[in-house]
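Trainee: The structure follows.
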Amino acid sequence: MCEPTLTGSFGLAPTPPPLNEQMLQVVKCPLCLEPYREPKVLACFHSFCKSCLERQMDDNCAEKIVCPQCRVETQLSIQLGIESLLTDYGLESVMTRQNLADDKGLIFGSPSSTSSSPPLIEPPSYDQNSNKNSSCTGCKSGELASAFCQDCTHFLCANCTLAHQYMHCFEGHRVDQLSQEDAAALAAAFAEKNACKCIQHRSQPLRYFCLTCNLAICMECTQVDHVQPTHQYELISDVADKQMAIMETLVQDARLKHSELLETYKMVDAAQNRLSCSLTRAHQNVDDATQTLIRIIEDNRRQIIKDLDNAYGAKQLQLTVIDKKVQQMAEKLAQTIEFTSRLVKYAAPTEVMVFKQLLHTRLQVYFSFNPDSNNILQTTCELDFPPLNSNVARQQIISIMGLVRGASEWPQGTISSANAGMPPAPIGRPASRQLTRSVAATNGALPVNNFSDSNLVRPKNEYGGSSQSLGTFVTVDNGFSNQYEKWSMGLEPASGLQLAESPDLELEKNMGISNLYPPRAQIKRQKMIYHCKFGEFGVMEGQFTEPSGVAVNAQNDIIVADTNNHRIQVFDKEGRFKFQFGECGKRDGQLLYPNRVAVNRLTGDFIVTERSPTHQIQIYNQYGQFLRKFGANILQHPRGVCVDSKGRIIVIECKVMRVIIFDMFGNILQKFSCSRYLEFPNGVCTNHKQEILISDNRAHCIKVFNYDGQFVRQIGGEGITNYPIGVGINYAGDVVVADNHNNFNLTVFSQDGTMISALESKVKHAQCFDVALVEDGSVVLASKDYRLYLYRYQSSGTTTAGAATTGSPK
């Protein structure tokens, strides 16, 4: 019989702590979701079953394997393949302990024990220098072993041997009685079988530790590659305590570094939030400044038109007076000429002489008549207004709008995505930014027109966001008397525009331009925090470059339109990735800038809208298989989409302000214009009353229409739902409005517009894309920081599944 020695822990550490639930989850392979079988560890320290890794191997490349989780490559030995990977001994130990824990009800302790006892967590160590017999491993009594079960592979004391003889669960087990020599031999063989083997010499157990190479080695290694005195090595049992202490110190240092990284992550997250908030404020300031300038220009236009009309009227009056005088004189002269001609022709000379003095006097008066005594006709009779010099006007506008602050803080030259720790550049974008500027020429500020990013000139609520930050504004003229912090008019008194004459500007001067947002009503909003967050920047699974649309299906799966990655990703309600579909292109099954997504709850089909250049609708089944597409020749600017309870697709278009209703096959059922009522629609949903609810971002409210296009009512308003980004109807039939003004806010209304509750996020969110409602009373928020957040705005007990009468909870 073999003699085992169990070379477990060398007496280095106390008994390991008991397994907790979290540790029990670790023992499942993330690929097969089954308990580990021969766990192998990769270079990135992710562990998988040996068989699972063999299935992941590329037949064309046996020299490396890519980690299924983090995509890091691990080099393999060409001869050994997967066998060249190290075994995850920690996982093996956890698996062993779990298996022993599972068997604790089958192995009993001594009769004196008050309860059944589980086996030892670690197999007992065997001291080769000790003459004592092996202890019982079937219970925790510590009694000497007198037998060995070949089926349980446990040393048995007398009580355990008795249990094996009489209990049905041990029927058929082969139990051998042991002498002291047999027990020692069996323990030695058992230890030899389970000892760690050398990576290079596969049959040799690891017994030494090379202090020079910091590596565990075998006997053969000491004779070939680690020969003294070049290499210093000692028995593992002699240096294990010291090396384990060093490992513990390294782990503690690693934990400190991890804590520092987490703090840095929080700081980056906070900086991103501040940056997004500053971008929102800057966009708002730019829009407000633009609107102010437009009002001033419009007032000036009206005044100039009025002056032109007055000048035209005065000149026209003068010409009319002259015209009237000329007409009167011409008539009198014509009458005199006719009379005189007739008199000379038919009268006798004596008769003619009678009228000579009268006619002479009258004609002399006529001859001296001057219709334009004031020389009006000698002056110009044309009105003139000089054409606009576009270059000068552009420079004036740049001076008026002000400069971007915060730009001087950016490092000069090229900022590499890789070197600066930035996320990898998305598809179709350069991998670095060139910041070419002269700080000395601009006093550390950049003119607005120096930014090449076309997103800077978009309306602030259009899809997509700028890749640069605007910051706040400073004035161009440091000597100007009024220094505005937000933005500066920057005009000299001789610039030609009398700003003080504008009543709007006087009002702004009196009130101050500290905050140009619409006034917010005094609403007490409850704080809410997110319970789930997932996503990051990138092109891999679970990563986004622009998550501009989000929806939820009947299984509470979260569907995300990843616009710039040209795909749809599907996650479960915990944020775990399930699958994706779509790729860049215009063929069937391909997507091009999908910006919104909705779900037909009757069939589970996904309805995807695409923005320019295709601006069409595509339908996919619940498994992501392409079904059909339509609308490319009908839609122009699809902005929001939902599906009602009868499977009809409702699309709202911005810019053209139009609603189009399709059936699932692309036939138009109804369409109507809403240009009289909408300013910038960005979300849509329906209720059970055949009504369409549209969120209007710039009108700060929800507009309700029936299916015939008739305006019904308004929900919310300025100060309550400022800049809404989406609307939905939850499963209690309440209208939930999400807005992104200063914070992420939710306002819940009844169907008739009565406000029920108001909430706001504890975390600042700026520049959000879209929202969708979940059955459990949560809302999914797609943010421009490439993440999705789940907020619970009501307890699950208040939702009513029977009230789910909307076409889509989006």
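Backbone N, Cα and C define each Cβ position, glycine as well.
Feature table excerpt (TrEMBL):
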type     : residues : note
DOMAIN   : 29-71    : domain 'RING-type'
REGION   : 109-128  : region 'Disordered'
COMPBIAS : 110-125  : compositional bias 'Low complexity'
DOMAIN   : 131-178  : domain 'B box-type'
DOMAIN   : 193-236  : domain 'B box-type'
REPEAT   : 531-574  : repeat 'NHL'
REPEAT   : 578-623  : repeat 'NHL'
REPEAT   : 624-665  : repeat 'NHL'
REPEAT   : 666-708  : repeat 'NHL'
REPEAT   : 709-752  : repeat 'NHL'
Trainee: Count the residues of the domain 'B box-type' (193-236) that DSSP assigns to helix (H, G, I), to strand (E, B) and to coil, and report the three numbers in that order.
Mentor: 9 helix, 14 strand, 21 coil
Trainee: I'd like to know the mean pLDDT over the repeat 'NHL' (624-665).
Mentor: 94
Trainee: Just to be sure I understand, if DSSP states are collapsed into helix, strand and coil, how many residues of the domain 'RING-type' (29-71) fall in each?
Mentor: 7 helix, 12 strand, 24 coil
Trainee: Please list the DSSP helix, strand and coil residue counts for the repeat 'NHL' (531-574).
Mentor: 3 helix, 24 strand, 17 coil
